[in-house]
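Engineer: Residues annotated as transmembrane segment in TrEMBL: 20-42, 62-84, 91-111, 131-152, 164-185, 197-222, 272-295, 315-334, 346-367, 387-411, 423-447.
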Amino acid sequence: MEESTSNNKDVGLFQGSSQFTLIQNVITEVMCFLVGISFNYLSEVLYSTTNDMGTLMGDISFIYSLPLTISFSNIITVISLILFTSAFQKYPLFLLAVISLIGQIIISIGITPSLPLIYEAHASYSTPIEITVLTMCALAHGIFSAFNFASFLHISSLLSHFHLILYIVGMNTGPMLSSFLDYFGYFVGGWKSNMDYVSMMLVLILIEIGSLCLMIFCYCYIKPFRKVIKIEPTSLVVKNGVVLTQWHKMKILLTSSFDEMKEVVVNLKYQVASLLMVYLTSNILYPGMFIYYHISASNQLDKNNDNYTFLMKNISIIYTGSCVIGSLFTFLPSHISKKTLLAASVFRLFVITTLTSLISQGGMIVVKQYGSQSTSLIVNKVHLLLFVLMSLSSAIIGITQGYITSICFISMIKRAEERVATYVMLLSVSLISFIGTVIQIILVLSFSSLFDF
């Protein structure tokens, strides 16, 4: 199998690229980290926004429509990118990265003044206009986040392993930073004000603008950076002495690309299988299967509203923070074997998913049955036990996701040609995330229907 083509892979882990000076390495490493933060920060902002809207309105569709929308636009974009770059052998990595950041900046600036004071409003205050704005932003974010992942996972892997690790850590840091600001604003003030929301968006806008400026600076003033990320297309003009038409060239290139991807999947089957199971587990569980309050009750009683919001905010910060912790373990000098990673992924999918779903939904039955008895000792004990168990489960899911996915990304980039490895990772992550989100929605609705919530 074709090995990674970068010349920087044999350099020490913390030394960056051998083609850069110390200052150039620092600048490009900061750039990779900030671009990674920009990748999925907005997703958590949109999730927290719709979570609060859904809680106020008692409508489950608000919480699950946006993750599904983002996943759908993401997978369509990924497939289109793979087909285009494979058929035409055009790899505009820098252009895609710039487009992704400019698009995300426009979304962030546009959405900030567009939403009402939904955190302070009653259900009647939110209208279909706000939902439409959120949905359009989710569609656009799915596209631009795919551009970000496709371009900068490839770019960072061409620079050095350390650049790649920083990008991966940044990818996990974005949702954690968003969740932290959301958590801080809600619990310090007692409620989520419009200023908290603007502050959360302002941090994202500054990070995205800083990332874009650094990227343009590196491309214009760091010549080795510009040289490293330039990919020359394969020469394919004649076959058996016959000049090929554009259609035949595209057909041959697509077939060749798919064969390369198939080879990567076969030879790196442990890593690919681990990625699929890890993302499937996380997208099935987060956030719906961690919640033991049904959303339809949240707009009926203030107590339910407060409890539901408290649980959502805590699960979010624990899960996203644990993902960052897990990704930081990639800095350790040694790592567990690929078979152990696969075993851990299987355990997450079949054991943790089943236990978490049964415990949270079983707890929902107890909360619903005894919920009106606010002083009930049973309900209080159930609340405490469920909160501890769900917090522990979200921490386990987060840490293992951060670690396993980071190790799999690095391993695949190291053992395969960067372009092909990126294709496989893009397709695997986006496709299984969409499938996992659909399964989560089906499970939530099934439990709700089964137990008449």
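Glycine too: its Cβ is placed from the backbone N, Cα and C atoms.
What TrEMBL says about a protein is an automatic prediction, not a curated fact.
How buried are the listed features, and what sits near them?
Structural biologist: With a threshold of 8 Å between CB atoms, the same-chain residues lying at least 6 positions outside the transmembrane segment (62-84) that come near it are 43, 46-47, 50-51, 53-54, 90, 96, 131, 134-135, 138-143, 145-147, 150, 254, 257, 283, 287-288, 295, 423, 426-427, 430-431, 433-434, 437-438, 440-441, 444.
Sequence-distant contacts of the transmembrane segment (164-185) (same chain, at least 6 residues past either end, Cβ-Cβ under 8 Å): 13, 29, 32-45, 48, 149, 152-153, 156-157, 192-193, 196-197, 199-200, 203-204, 313-314, 316-317, 319-321, 323-324, 326-328, 330-331, 402, 405-406, 409-410, 413.
Residues 277-278, 280-281, 284-285, 289-294, 378-379, 382-383, 385-386, 389-390, 393, 396-397, 400, 443, 447, 451, 453 of the same chain lie 6 or more positions beyond the ends of the transmembrane segment (346-367) yet place their CB under 8 Å from a CB of it.
Within the chain carrying the transmembrane segment (387-411), a Cβ under 8 angstroms from the stretch's Cβ atoms is held by residues 153, 161, 164-165, 168-169, 172, 268, 271-272, 274-275, 278-279, 281-282, 285-286, 290-292, 311, 314-315, 318-330, 335-336, 338, 341, 344-345, 348, 352, 355-356, 359-360, 425, all 6 or more beyond its ends.
With a cut-off of 8 Å between Cβ atoms, the residues of this chain six or more beyond the transmembrane segment (423-447) that come close are 60, 64, 67-68, 71-72, 74-75, 78-79, 81-82, 86, 146, 149-150, 153, 257, 261, 264-265, 268, 272, 275-276, 279-285, 288-289, 357, 361, 364, 409, 412, 416, 453.
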